[in-house]
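The following features are taken from Swiss-Prot:
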- 159-502: region 'Disordered' (REGION)
- 200-212: compositional bias 'Basic and acidic residues' (COMPBIAS)
- 229-238: compositional bias 'Acidic residues' (COMPBIAS)
- 249-264: compositional bias 'Acidic residues' (COMPBIAS)
- 266-275: compositional bias 'Basic and acidic residues' (COMPBIAS)
- 283-302: compositional bias 'Basic and acidic residues' (COMPBIAS)
- 310-325: compositional bias 'Basic and acidic residues' (COMPBIAS)
- 438-448: compositional bias 'Acidic residues' (COMPBIAS)
- 449-464: compositional bias 'Basic and acidic residues' (COMPBIAS)
- 465-474: compositional bias 'Polar residues' (COMPBIAS)
- 493-502: compositional bias 'Basic and acidic residues' (COMPBIAS)
- 523-567: domain 'LysM' (DOMAIN)
Amino acid sequence: MPQNHRLQFSVEESICFQKGQEVSELLSISLDPDIRVQEVNDYVSIIGSLELTGEYNIDQNKHTEEIYTDKRFVEQVRKREDGSAELTHCFPVDITIPKNKVSHLQDVFVFIDAFDYQLTDSRILTIQADLAIEGLLDDTQDKEPEIPLYEAPAAFREEELSEPPAHSVVEEPGASSAEEAVLQHEPPAEPPELFISKAGLREELETEKAESEPPESVASEPEAREDVKEEEESEELAVPETEVRAESETEESEPEPDPSEIEIQEIVKAKKETAEPAAAIADVREEADSPAETELREHVGAEESPALEAELHSETVIAKEKEETTVSPNHEYALRQEAQNEEAAQSDQADPALCQEEAEPDEALESVSEAALSIEDSRETASAVYMENDNADLHFHFNQKTSSEEASQEELPEPAYRTFLPEQEEEDSFYSAPKLLEEEEQEEESFEIEVRKTPSAEEPKEETPFQSFQLPESSETERKETDAVPRVAPAAETKEPQTKESDNSLYLTKLFTKEADEFSRMKICIVQQEDTIERLCERYEITSQQLIRMNSLALDDELKAGQILYIPQYKNSHA
């Protein structure tokens, strides 16, 4: 059985005192181990420290200024009143021992076998100690010889000891003869077939090469055959030579690329490379040129549009003035009387609604056609009379007419009926209600319609935006004339869509009624964060259908903060 073994090793450490803690005389010193033994996996760990304690007198006369950077300073020094001090310092210990060298942890313990110190300087203390560990197993003892499972007899062992030299001599010729036999039997086994196949392959490759090459290669065929014979005679060099030549011939048999094809490929690559930068440059030029072109086009369009509008407006005004001046006062009076009679006849009818739908459109169209014919006749008859009038008389007559219209507006509160010219519709479209709303209201309220004129920027003080007015009875025939004038207006006005003509004809049928629509004005509302369609309808006292129709909304649309809505307001505008 193994006995306890003792492991011993030396420890030497130096510590340094700081300035003001120099040692003049060392009174006592001791070194005690503080060790614990624990098992960690397959090892036994000895962890702890060697605690150094002592007392000494402080050297107050000597104050060195040397700085020791490579030394370890004393951890704790406590000074006393009598000029002495106590020092305490710990040297860490960490030792690991294999587990198979420890029988029991309780048997392992550490102690200080020998201890000495040396004070080389008043600030440097050197400690020398021999540390011993007991309780370990001794591996240096002689191991017991292993007993073999089978032991040969003594006579046989003696023969083995005596025969090995003779046996070794006999084996050498046997080994050489075996090697010779292998060498003799190996060549005739496979090489003949290999040589034949290689030679046949070589001949086939050479024939193919001869067919593809010019006639000069035919002269080389006998030489190739002689080479084949020489290769068959030399067995050892035949295989590598045939392999090398076969590889070289296969490389030669591969068609070489024509120089023309290589040049074509290079030209195509160069074109591709040059095409990409050219396309990029063209894109950049287009992007650079496009802003200038768009600005020029916008500038030209902005300059042309006011000129065209001014020309069209001037043509329509001149045509109106000519038509108004060519009509005689007596003829105007007659036309007014006829219009009054027609209105009286229409008012006496039993059912105004049915007459509106059935009879009034036909009568209105007939009256309009009669008015247009009468205007043309009067123009022909009165043209000779009024051709001698000056421009001053024309302007005077026109101004007198407009003044009479303004006077009639102040006297009678009944609503007036006026037609919109294309230029007026374009100018007032921003301030007026949407066209969709006007068309729907005209279809729903088929009995009456009110056309209100919003003030332009030039005359904000003359008319109020929501004032209803009516011209005297004598102005109705003039309205008929102005309604009929667009039918014989210049070519710029006759090019309007067919839908506008149908709206104008429907408007003329409604023109002769004495009732007005209840539509008055509208407001603009900015939607807040918590507003909904129902809340806005309750706030402005309108129905949700009116709000949805006015703003072209859907039934399931949700309002967003900052959205602008048009709020219609209705009031009774009957005279």
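Placement of Cβ uses the backbone N, Cα and C atoms for every residue, glycine included.
Per-residue confidence over the domain 'LysM' (523-567) averages 87 (mean pLDDT, predicted model).
Mapped onto DSSP classes, the compositional bias 'Basic and acidic residues' (200-212) shows 13 helix, 0 strand, 0 coil. Counted with DSSP, the domain 'LysM' (523-567) comes out as 16 helix, 8 strand, 21 coil.
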